[in-house]
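Sequence annotations record features per position, and here TrEMBL assigns signal peptide to B:1-18. What TrEMBL lists as transmembrane segment is B:116-138, B:175-195, B:201-220, B:240-258, B:264-285, B:297-324.
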């Protein structure tokens with residue numbers, strides 16, 4: 001038989017569920033941010049290659065790698081910050 | 001409760017019938033062949049007239065004003081009825097919902113399109129609802145809320161306590177108006193977008209872009225010197241690495257609002273596309289037998305969209321608050337700010 005929840009426990013439960021929602025929002029944000037970093041920088045490199053008519057797509061390569069690095073760096077920084 | 005669920009079921013399966021039957025009929029009349037891709041893109045896109053639904057004989061459409069500015073010719077204002085079905089009016093025509101001049105000249109389109117009309121409508125609804133809420137507080141002060149006020153108070157308190165206080169810290173009060181506006185604007189428009197025949201406003205990238213740019217500007221204008229210090233001289237990073245780290249940090253400034261823009265746009269648009277795809281199955285298979293399955297799935301996704309509507313509003317608000325919080329935090333709060341709670345409060349109290 002389920003017993004009614006004791007009154008003092010309620011706030012902690014509410015807190016943990018809102019914290020869970022909060023972490024969900026935060027980490028999904030980090031994921032999309034990672035995707036956006038790589039995507040945006042690759043697109044910028046691609047555009048620059050088209051603009052300067054380069055024979056070898058150096059801009060794409062360089063900016064893609066920079067984007068990858070930036071994405072990883074930002075992910076690592078934002079998950080270690082609050083620990 | 002049961003009756004409420006049945007009512008909800010009826011309302012939510014309405015868009016399914018109203019939109020799809022109509023557009024399929026309209027599509028069928030024009031091209032014979034049903035093209036789900038075109039139909040879906042037409043439904044999630046903006047348009048110069050507000051098409052509600054069609055029957056076999058008639059279209060039910062509200063024609064909205066077209067406002068065009070052409071350098072040298074000035075402003076012309078007329079009803080979009082004049083441009084319906086590819087007609088040419090005043091030297092202007094619609095090419096796939098893009099206003100073009102016949103002579104190929106430049107046209108600046110300031111029309112009240114479906115999305116603009118929907119935006120005005122939702123602004124009016126928001127004003128009505130929240131002036132009523134504000135009146136309640138003016139009249140009753142901190143007493144027990146009543147009526148519509150009692151529905152919105154928990155949400156407002158949630159945004160204040162769980163989003164603003166935890167993410168921004170002691171300076172949260174200045175940002176409450178913006179955070180509440182963003183939250184309720186997105187939520188209301190997400191819900192309005194689920195109504196039959198409504199516009200897909202928050203699934204329009206121009207709208208989410210505008211909100212993301214405002215968030216970026218609020219973040220930049222409220223930033224303190226710690227924020228810029230972290231970007232241009234990240235603590236703990238050797239001087240030699242700074243030429244690499246500065247671009248990385250600068251990318252970070254712009255990627256944050258960019259991800260806000262893409263997330264809201266993608267979530268809402270994807271939801272609409274999934275629902276419409278399920279409904280399209282009926283017309284692809286040309287069979288009534290498919291309809292129970294596709295309507296059941298469409299309805300399921302529609303219910304899910306009700307959740308997504310408030311979840312996306314919450315996520316946009318929370319991340320906006322976090323970005324602002326990152327810009328206004330004092331140096332010592334760095335270790336505490338994201339988690340919030342007791343640690344952050346003590347930290348703020350101590351310094």
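Glycine residues also receive a Cβ, built from the backbone N, Cα and C atoms like all the rest.
Note that the coordinates shown come from a computational prediction; the quantities given were computed from them, not determined experimentally.
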Candidate ranges B:116-138, B:175-195, B:201-220 - greatest C-beta contact count to the transmembrane segment (B:240-258) (under 8 angstroms): B:201-220
Maximum Cβ pairs under 8 Å to the transmembrane segment (B:264-285) - stretch from the list B:116-138, B:175-195, B:297-324: B:297-324
Long-range Cβ neighbours of the transmembrane segment (B:116-138) (under 8 Å; 6 or more residues past either end): 50, 64, 145-149, 152-153, 184-185, 188-189, 192, 198-199, 201, 207
